[in-house]
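Copied over from TrEMBL, here are the features:
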DOMAIN    207-375  domain 'SSD'
TRANSMEM  38-56  transmembrane segment
TRANSMEM  209-232  transmembrane segment
TRANSMEM  247-271  transmembrane segment
TRANSMEM  321-345  transmembrane segment
TRANSMEM  352-377  transmembrane segment
TRANSMEM  446-466  transmembrane segment
TRANSMEM  664-686  transmembrane segment
TRANSMEM  706-731  transmembrane segment
TRANSMEM  743-769  transmembrane segment
TRANSMEM  781-806  transmembrane segment
Amino acid sequence: MMASKIFNRLKKIRFGFLEKPLSRLCYKYSWFVAEHPWPFIVIPILVTASLVYGYLNKRLVIDTRLLFLPDDAPTVDGAYVPSRATNEDGQVVVVLTAQDDGSILRPEYRKAVITFNNYAMNNIFVEYDGGTLGGVKIDILSRQILEAKAWLLVYQMKANKAIYPVTYKMMRKMEEEFLAYDDDFIDVAFMHSESLNIEVEKNSTTNHLMIRFLACAFMLWLFATLCSITTLQENGHFYIDWSRSKITVASCGLLGAVMGITSCVGGMAYLGFAYYSVVDTMPFLVLGVRLDNTFLMMSAVHRTKRTLNAQERLAEAMSEAAVSITITVLTDILSFAIGLITDFLAVQMFSLYTVVAISITFIYQLTFLLGVLALSLRYEELSLHNVVPCKQTVKYNENLSPVRKFLCLGSRVEIKKSNFDDDGTWISRTIRHYYAPFLMKWETKFSVICLYIVYLSTALYGCAIAKQGLEPTRLLVDDSYAIKYYRRLEDYFWNIGLQIQIVFSNAGDMSNRTNRENIMRIIDEFANSPHGMGSDGVDSWLTSFDNFLIEYNGRSIDYLQERDFLTNVAYFLSVEENAHYRNDVVWKNKSTQEQQIGAFRALVGVKNMSKTTEQMETVDQFRAIAQKYPSYNISTFQIIWIFVDQYEAVLPNTIQEIYSGISFMILIAIFFIPSIVCSLWVALAILSIDAGVIGFMTFWDINLDIISMITIIMSIGFSVDFTAHIAYAYVVSDGDDKTEKTVNALAALAWPITQGALATVMGVVVLAGTNSYITTAFFRTVFLVIAIGFVHAVLFLPVVLSIFSFKLSTKICKKEKNGVNGLEMR
């Protein structure tokens, strides 16, 4: 009873209340543009020209940490604390392995390592800091090293701001030398602190994205041109109708998108925003997506009466297409605006640039493109050639030459409307008379429902096994030298032996025995955690200091008087063999009698860190231990923490985007679709499409990471684009029953939706053949978004509407003329 009362109340609510005011506004505005088209054409061109300088001089910033690390990641604070080297600035790290994959400790290989190290120090003049072994095998009884697969060398240079330009040149020189280094015994894998930034930039430069963009623009122009051609039939032959074809409009629709992209980047540069490499794929997306409204505007015009003048035709067409165009733009803008509230700068900047580009492009469509469309309708009214308006089209005549028949024929306005087929193009007729009735058969519906169950089950399984995080190697192009370095770390160092920095920022009174015992107990807790290596993996100045005292004084640290403790520590650190501990201890009040140890660092070795899940477990365990002792203000850090923080933040951010996006899209559906039930199905379609995108991208070797997060944001908007058009068309279309309404909706919108889907895929298909995970993942996820959204719109949703929709009153949305909002391509 309660559900029935709620449903009856919902029936009385007027949903889609913005529909009519928006249509009236568009009618008046379009009439004005039709009367004065030239200012609306010229002003956007002048604005774009003024912003070109900003585009050409945009400030490019490439900082992988800044882009891919969450804003609130603990690593941001944990990385910059007292220590030897808590970040990799100024470092060149080399992993040496045997050419035959054998032990690196064999005499001739040890000699090769020494030769390489001498070459690096003496030929390139950098300061050598230390080394360690990886892939180690140890004799269980004697604890002697039997074999080591890799030798890691770290070359540390000064990295302060004043000298960093020189350090940078030195690192690039070492990169050049190491790439050219050839040895019969050892294989060199390396990277330096700027490798990621430099190699990430190659995603744009080596893949020639500008050339790919031009190829993309040409393909889309060709596609839009073919879609804009209207034919006439004479004596059993089809010819291009140069009066009604909208080739110029389609071309200007594409030009307007390019102008919008240029204006966006140039305007953002003028406003002081940096341009990041992650934005490089934005133009491909915007170029394809923004053609949607061009198709909708042209199709709306084709459904108007040709006997009307240009002003009336444009005003009527735009008033009818207003809802669909507005839904398309609002869903795209709001879905990407959701990306602005994520924790990743990469997602924020991509979303910001895309929102601005879509907004500017939409403004250009309502000015530049609408002005061009107004002129095109004037030319059609006067029977002028739509591409060469200074020429008039000619009527068909058998005596015309083949060239004139192909290039100059055009229909006349005075031709009766009965000469034109109101049932649409042959594609639309096929959909209306064959596809839609076939889809409405009960056996077909049953098959579609079964297919959907299989789809959803497969998608959910893919979601369950989805991998999280953008691994460092996936930021690089396939032939990057740094990939080998990361593979060597994964093979030989991350499984066992990786050292984690444990920093006690508030050390307390280190001369107090109880305090020292508490600290050692905490270090042991880290060392004996599930991923710790035990006490053998601890490298602490405090332990070494105790051994030092026993060796030289014969007594342990516990026998020191408190007043003598600091004096002995200072002497211990002054001994050259303990020099590597000097920067592990930070003194406070050093110049006074109240000198104390303010902070210090210990290193704890870990094991089983090669997998993403193991890395996240280790980080969580170490941070949980640190939080148990707030008085010591403990922080933990390892360079890999940067990527682990990103892994852990991806899923919560993705969930946040999905529920925020669905909330916004439901509001849009309620505002513009006159049926709460259809709005509900649109919301469920978003969930279904997002599940499909996440699930199937797992099978296509795409992780749930920052790159795929961008396309998940996009899928929220695109899924509404397709499904909302069908739902809206279903609600407002004439029909005596649900089946007839569904057939009408498909006949009117299936082909324009197909055009939009194809245009978007064509916009990104040029990225498919790159040697970069970033661009390849972008193409694959966009393709999944479009393909899954398209199938939902033309297959799953029509079946659902024909079975489960309720008969709500749609009198409020009846149009004065029959049909569905002028969305049929003619």
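Including glycine, each Cβ sits where the backbone N, Cα and C put it.
Caution: TrEMBL annotation is automatic and unverified by curators.
Simply put, out of 209-232, 321-345, 664-686, 706-731, 781-806, 781-806 has the most Cβ pairs sitting under 8 Å from the transmembrane segment (446-466). The transmembrane segment (664-686) and the transmembrane segment (743-769) are not in contact, since fewer than 3 Cβ pairs between them lie under 8 Å (pairs 6 or more apart in sequence). The stretch in 38-56, 706-731, 781-806 that contributes the largest number of Cβ pairs under 8 Å to the transmembrane segment (743-769) is 781-806. Mean pLDDT across the domain 'SSD' (207-375) comes to 87 in this model.
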